[in-house]
Ligand code: CP3
């Protein structure tokens, strides 16, 4: 570790938790913290053109990454990008229809075989430039989180061509043609390793793997299609970047957090609001940090309900390795005053 790295690590409360410490008050950042609930984001978004244009514009993407840090002073910034830049870089058509979410050309058997893994990092050079710019502008005490989607979640969008409520198209392909599905997952594992290593090389201090749809899988399928590919990504990244700090976010896995932590070796597990923090904390016994898990709707609602929920989380996690976050992304309807209220309450 270089001197600069040591100094930075000591200064960041967020990285201290990933490295094994319990920090009080806990560090805080919010999933989707750069987004439409911020007027300054909407302004940059409007001048950028399409959403992907913004993701591939290093100057603007760096600006929106920094906006929530400047406004709220979160302990970590998260790279402004999207999990679907990977299928885009693998040669698939991806677009974001205004107000409708992502649209991809649904992938078939030939499409899976034609996926390009080599060259993914080169095609994401502009995102890596964003990482460099952001790390260069952030205070040393603010960590920078890079990310990718977990193979299963990315595959669900590639197969259905859009978001669906229960990921039936991906579950059907996995059930009907497990070898074909495995080929898609394997390619995504390889591309994700290359991409996360490149983000760490460009200056990310930690990376998060978003498995937003892990919860739709039956337990054996969850282990095969979510947990095991994430474990391979963690091992593949650490083989090239020993000690790389990695957060897993397997949304919807209920009580299976400790087995997930053991199987993947992540430094922290992000949990949604349905996960019983106290029970999971006891099961983990400090071997892995927890991150979460306020219901984003409570942040929309505000008031005494929000304060009570924050206090419950702080009480459940007092003295433990914990990073305060939401249980999923902040929604556009969230009042900025409620985010301020949250931060004040967490920081006491
Ligand atoms: O957290 C951050 O601030 C960093 C940026 C980030 C975005 N997407 C920006 C974004 C991150 C980490 C993501 C991850 C992502 N993208 C996930 C995993 C996390 C999750 O939310 O479950 C998923 C499933 C996607 C795919 C995706 N991107 C969807 C389904 C949508 C449409 C839904 C929506 O909110 O509009 C997006 C678009 C998107 N990604 C927006 C932002 C800020 C909104 C687009 C806009 O500004 O018009």
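Start at 1 and count along the chain as shown; that gives each residue its number.
Glycine too: its Cβ is placed from the backbone N, Cα and C atoms.
For 27-36, 145-161, the entry in TrEMBL reads domain 'Uroporphyrinogen decarboxylase (URO-D)'. The substrate binding site annotation in TrEMBL covers 32, 33, 34, 35, 36, 82, 157, 212, 328. As annotated by TrEMBL, site 'Transition state stabilizer' applies to 82.
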Rounded Cα-Cα span from residue 82 (site 'Transition state stabilizer') to residue 36 (substrate binding site), Å: 14
Length of the line joining the Cα atoms of residue 328 (substrate binding site) and residue 82 (site 'Transition state stabilizer'), in Å: 15
Confidence summary for the domain 'Uroporphyrinogen decarboxylase (URO-D)' (27-36), mean pLDDT rounded: 97
Candidate with sparsest Cβ neighbourhood (10 Å radius) among 32, 36, 328, the listed binding-site residues: 36
Distance [Cα-Cα, Å, rounded] between residue 157 (substrate binding site) and residue 82 (site 'Transition state stabilizer'): 12
Integer Cα-Cα distance in angstrom, residue 34 (substrate binding site) to residue 82 (site 'Transition state stabilizer'): 12
Residue 34 (substrate binding site), number of other Cβ atoms within 10 Å: 25
In the chain carrying residue 82 (site 'Transition state stabilizer'), residues 6 or more apart in sequence that have Cβ under 8 angstroms from it: 51, 52, 55, 102
Secondary structure of residue 328 (substrate binding site) (DSSP, helix/strand/coil): coil
Helix, strand and coil counts within the domain 'Uroporphyrinogen decarboxylase (URO-D)' (27-36) (DSSP): 0 helix, 1 strand, 9 coil
Pairwise C-alpha maximum, in angstrom, for the residues (32, 33, 34, 35, 36, 82, 157, 212, 328) that bind substrate according to the record: 22
Neighbour count (Cβ, 10 Å) for residue 157 (substrate binding site): 28
